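**Student:** Pasting the relevant annotations from TrEMBL:
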BINDING   95, 96, 122, 207, 208, 209, 210, 265  pyridoxal 5'-phosphate binding site
BINDING   125, 264  N(2)-acetyl-L-ornithine binding site
MOD_RES   236  N6-(pyridoxal phosphate)lysine
Ligand SMILES: Cc1ncc(COP(=O)(O)O)c(C=O)c1O
């Protein structure tokens with residue numbers, strides 16, 4: 001019997017080691033890992049430069065507290081502000097904590113309370129971020145939610161106009177909804193939504209926890225649509241698997257986060273930051289990101305070629321190396337079937353198979369994954385016919 005709360009429907013795979021795109025379980029079976037810890041290990045498992053940076057930091061010091069000047073915090077904050085065009089960073093430990101900070105900052109800076117988010121969004125599991133999430137199923141049984149969140153259909157400007165009022169502190173959204181099913185915001189809609197919020201004196205918070213850190217081929221996904229958010233939240237891929245979250249915001253918001261207003265004992269841990277610094281040095285490099293675009297083009301075209309004749313496949317979705325295959329039916333049964341053949345993939349929403357390979361995945365690994373996936377999908381479809 002397990003001594004863990006059963007919060008996760010765990011797979012029957014016990015990792016023993018992992019390197020690059022490959023994971024080996026304790027029985028010695030090798031898997032091609034196109035989940036990367038749900039979009040976390042963006043440089044693959046145990047990347048050498050990150051390992052070296054962490055080992056060096058472990059020799060120096062592990063934890064002091066945020067009462068000290070931490071050089072690494074300044075260095076990583078500079079990497080994040082340079083890459084995003086924003087000014088100031090607050091470090092937390094996770095995505096939910098980053099979003100929690102964003103919500104608190106938006107309320108305090110505007111003196112308003114309402115936050116508008118989109119239906120099918122996912123922002124986390126704390127009370128604040130669960131309330132922000134536009135999916136009823138994650139709230140069941142947890143009692144009254146934090147107040148003043150309102151949800152509107154994604155890509156519906158009229159509904160957003162109706163919801164926006166003088167008490168709206170912020171509009172908060174993912175550019176591509178990750179957990180919700182890889183639903184992309186229409187760039188024209190996103191631009192209009194941002195303008196609407198700003199004209200209303202409301203802030204724009206973009207949740208880049210899944211889409212950021214090079215995942216879509218740019219440092220942050222909002223950059224594809226030319227947006228100018230006030231606050232961006234980041235986590236997942238930021239430190240290659242070490243716990244770190246961050247918000248990056250405009251300098252005008254500094255006063256609302258004055259000493260004593262917000263904090264976290266472990267937020268901005270030097271060990272996680274050493275991993276973040278090495279990770280971001282690699283990923284925010286222009287030629288690295290150009291390569292992500294090239295790998296993405298290869299993955300999309302190979303999937304198109306392999307799956308276009310399968311009637312159960314409705315369409316391909318996503319951007320960069322955040323890729324979805326929307327099925328005409330539930331995607332869940334395909335996941336263990338692919339795993340059986342040595343390929344790890346995820347679902348997103350109900351009907352989408354989600355691929356989140358490392359950003360430095362090789363062309364051969366892409367070919368191998370597409371071949372396993374196409375075989376899996378075709379076999380399942382034939383078995384049901
Ligand atoms: C878009 C988005 N926001 C927030 C979160 C929550 O992040 P964490 O699990 O690190 O709290 C996630 C996690 O899946 C996410 O995808």
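Cβ atoms here come from the backbone N, Cα and C positions, even for glycine.
Nobody curates TrEMBL annotations by hand; they come from automatic prediction.
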**Student:** Among the binding-site residues 208, 264, 265, which have a Cβ atom lying under 6 Å from any atom of ligand 1?
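**Tutor:** Checked binding-site residues vs ligand 1; nothing flagged, none.
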**Student:** Below 8 Å Cβ to Cβ and six or more residues apart, same chain only. Which residues does that give for residue 209 (pyridoxal 5'-phosphate binding site)?
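**Tutor:** Spatial neighbours, sequence-distant, of residue 209 (pyridoxal 5'-phosphate binding site): 95, 98, 99, 174, 178, 233, 234, 235, 236, 245.
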**Student:** For residue 207 (pyridoxal 5'-phosphate binding site), which of the three DSSP-derived states applies: helix, strand, or coil?
**Tutor:** strand
**Student:** Below 8 Å Cβ to Cβ and six or more residues apart, same chain only. Which residues does that give for residue 208 (pyridoxal 5'-phosphate binding site)?
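**Tutor:** Those within reach of residue 208 (pyridoxal 5'-phosphate binding site), by Cβ under 8 Å and sequence separation of 6 or more, are 174, 175, 220, 221, 222, 232, 233, 234.
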**Student:** Starting from each candidate's C-beta and looking 10 angstroms out, tell me which of the binding-site residues 95, 122, 210 has the most other C-beta atoms.
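**Tutor:** Answer returned by the neighbour count: 210.
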**Student:** To the nearest whole angstrom, what is the C-alpha distance linking residue 264 (N(2)-acetyl-L-ornithine binding site) and residue 96 (pyridoxal 5'-phosphate binding site)?
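**Tutor:** A Cα-Cα distance of 13 Å.
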**Student:** Which three-state DSSP class does residue 122 (pyridoxal 5'-phosphate binding site) fall into?
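**Tutor:** In three-state terms, residue 122 (pyridoxal 5'-phosphate binding site) counts as coil.
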